[in-house]
Amino acid sequence: MEVVLETKNLCKSFGAVMVNDKINLTLHRGEIMAVLGENGSGKTTLINMIGGIYYPDSGSIYYENKRVEIRSPKDADRLGIGVVHQHFKLVSSMDAVENIEIALSDKEYKNKADIRKRITDVAKKYGFTVNPDKKICDMSVSEKQTVEIIKAIIKGAEILILDEPTAVLTPQESSSLFNVIRSMKKDGKSIIIITHKLQEVLDISDNVYIMRKGRYIDTLKTSETDENELACKMVGKTVTLQIARTSYEKKKTVLSVHNISCLSDDKTVGLSDVSFDLKSGEILGIAGISGSGQKELCECIDGIREVTSGKIKYYAEEGNFDITNKKPEWRRKNKTGFGFVPEDRLGMGLIASSDMVDNMVLKSYKDEAGAFLHRKKAADIAKYLIKKLDIATPGIHTPVRMLSGGNVQKVLLGREIEAGRDVLIVSYPVRGLDINSSYMIYNLLDEERKRGTAIIFVGEDLDVLMALSDRIMVMADHRIAGITDARTVTKDYLGSLMTDTKGQVI
Amino acid sequence: MIINFLIAAVLAGAPLVLATVGEIITEKSGNINLGVEGTMYIGAVASLAGAVAAEKLGLSGFGVAAVSFIAGALSGMITSALFGFMTISLRVNQNVVGLIITIMGTGIGNFFGELMGQGAGGYISVTDETKAVFSGIHIPGLSSVPVIGELLFSYNGMVYFSLAAALAAFFIIKKTKIGLKLTAVGENPYAADAAGVSVTKYRYIASVIGGALCGLAGMYMCMVTNSGVWVHGCISGYGWLAVALVIFSAWNPLKSIFCSIIFGALMIMRLYIAIPGLNPFIYDMCPYIVTSIVIIITSIRKTGKDHIPESLGENYYREER
């Protein structure tokens, strides 16, 4: 097969960190190549160099065997390289037509009607559905992605690079995206798809290009490999992809949510009429397209977002409390056992520039008498957590921002587990973490379940949710689309709930 | 009386139109230039110096006006090019650079204005012939039509220029491809860059054109409002009003015409509406009090949210991680 794109010894460093070290990649015409690697392995940096966002420190890029200089996204366009970035590069106040219009030069189109026609033509050819006159800000994530792909095709892309395209899609949307990718391949286009999901690699790609810590590791033929081999090559050591689900027998209801509604940050609907019970020793997984009300739900239960109607009841050993709109101060005074790990760890969870001790003090200083801080007790907790959770840090006085993502999460999770003896809310706890840290977090949550803690686990990977949770609640459009038994549910059913609201509630 | 009041309002509003439209163009590209006040001072002193120099060289009438116009626009362009260099190329915080330009421009304007005055023996002024160019036009047959003729055809050339500038800016921003790209740069520079639009180029050009209009607004204050005489502190907050007017007019150059004339009316109200016993300085406070109130109301109602360029105030760096 003919080579369309080749990189030779591409290097890129940011400060002292070498994020791409002598990367050689060869892409053939009509090939679907998966670039596989963990977060921070340098995948995105590599495609940003091919796409003209970053300029390489050294090394060269060849397009159809000719050496090329790609200094800007425009240069990449001219060569026929289209990149769909993970964070879409679309102007949200404009519609699809206008977004494509700004990307075309005067010679490339006649008028808006011409662009509109081309959008529908491309959509028909590859099997998309899109409304060219809809504003980007009114579109779903999957529609935005469609606009990005159509934009790349209209600009004449022969090579399409997709950065983590399925991260935000439902299973159904992913499989229709894969169909589009396959029909583009038939059309003679070459595709690079960047991902860290093993199953996807096996589903779609012809070849797998594996990276780890900024280096090239191996290229494998997809048909000759399996999930375990890919995981080992990606991580660099053998990993066991096992998630434990321990059953807890002495279940009793600890939290019951009755018809709560709330507003979102921009005063639109945040939650609408949400009701469910949470039992001790269970993990309630929450699935759904991000932004369907998960964040608001966690914050309402934790008392940091105002509930406009409905009630939240908490059944503790000391008695029953109505905790609707009870602020954290009240909760601390009444010693409720709530822990919350927000998705924005270094924003809402921890103070990045403070050390572990100060981050522990944050939770306890109000309970102490006098005007002075008592760091001794907090330091003990910090030391205990380092030991218990095996946190890799130079010491308890190192600012938490200096720690790796996995260790930051352990610090936060450790602190909140201590606080959350009854209810623990974790939101996207493994986002951005490597495989080993992720599985360590899953096991920690299972440990907590064994102790009888009720856990609300907001996640994005359906396979993990199905393996870890006892029940799965799917949220769609700020309401509950359905609650199902995690042991028997299928992925397709969950996917259909994400975009629908006709599921059953158990 | 009413007619005179309206005419005076338009005359006082015209420099606000120029400065507001200039700032709208700048902000549409995502750059917020808080240096309008300083740019106006520099434009004012440069246009006066230009006019005086042209008179010395023997030019007269429209020749002097043309030199003054060019000096005002050019000095505004240079000032805003400095703003552009600091924010676009060096990526310094835009608010800080804007304040620097305001402080620097106020100083430069007053320093050279006073210096010229001292050199001329007390105060500096252009000749009566030059002053005549900047006073109201008279179109035979039209200007003397009662009411309509007076309201439409009695102003100086700069008033018509500022209206034309607002209309042109509106047309370009809303109706042309350049305007669409400019909007894209201001909304999401990452998207614009990925679409092949040069963020640097658009931001520089928008800032410099905006600066030219602010310089001309300064020229208006000096040559028209103060009749070609340097008055210490002559801009007196007009530049800051323009920054606020951008918000009232929702980044729309057409609306800025109406908003500016309303504020022009507030500025000169004291001379036309007299409430017995009321301290005249209360009137002078009006524009600023109204500004505060309107800003509070718009913030509460969040009406500006739909119109504000999304990336306003953020410097763009392609290799941001």
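Cβ atoms here come from the backbone N, Cα and C positions, even for glycine.
What TrEMBL lists as transmembrane segment is B:62-84 (among others). Residues 22, 26, 31, 33, 35, 38-39, 42-51, 53-55, 97-98, 101, 105, 126, 129-130, 133-134, 157, 203-204, 207-216, 218-219, 223 of the same chain lie 6+ residues outside the transmembrane segment (B:62-84) yet bring a C-beta within less than 8 angstroms of a C-beta in it.
According to TrEMBL, the feature transmembrane segment maps to B:96-113 (among others). Within its own chain, the transmembrane segment (B:96-113) has Cβ neighbours under 8 Å at 32-42, 44-45, 48-49, 79, 82-83, 86-87, 124, 218, 230-235, 239, counting only residues six or more beyond its boundaries.
Taken from TrEMBL, the feature transmembrane segment applies to B:152-173 (among others).
Listed as Cβ neighbours of the transmembrane segment (B:204-223) (distance under 8 Å, sequence separation of 6 or more from its ends, same chain) are residues 14-16, 18-19, 21-29, 31, 33, 36, 39-48, 51, 65, 68-69, 71-81, 83-84, 88, 109, 126, 134, 158, 161-162, 165, 182, 185, 229-230, 234-235, 238-239, 242. The transmembrane segment annotation in TrEMBL covers B:204-223 (among others).
As annotated by TrEMBL, transmembrane segment applies to B:229-250 (among others). Only residues 6 or more beyond the boundaries of the transmembrane segment (B:229-250), in the same chain, are considered here, and those with a CB under 8 A from a CB of the stretch are 15-16, 19-20, 22-24, 27, 34-41, 44-45, 48, 102, 106, 109-110, 113-114, 116-117, 123-126, 214, 217-218, 221-222, 256, 258-260, 263, 287-288, 291, 294-295, 298, 303-304, 307-308.
Residues annotated as transmembrane segment in TrEMBL: B:257-275 (among others). Proximity of distant same-chain residues to the transmembrane segment (B:257-275), defined by a Cβ-Cβ separation under 8 Å and at least 6 residues beyond the stretch ends, is recorded for 1, 4-6, 8-14, 16-17, 20, 163, 166, 241, 245, 248-249, 283-284, 286-287, 290.
The list of residues near the transmembrane segment (B:281-300) in space but at least 6 beyond its ends in sequence, with Cβ under 8 angstroms from a Cβ of it, reads 237, 241, 244, 247-248, 263, 266-267, 269-270, 273. As annotated by TrEMBL, transmembrane segment applies to B:281-300 (among others).
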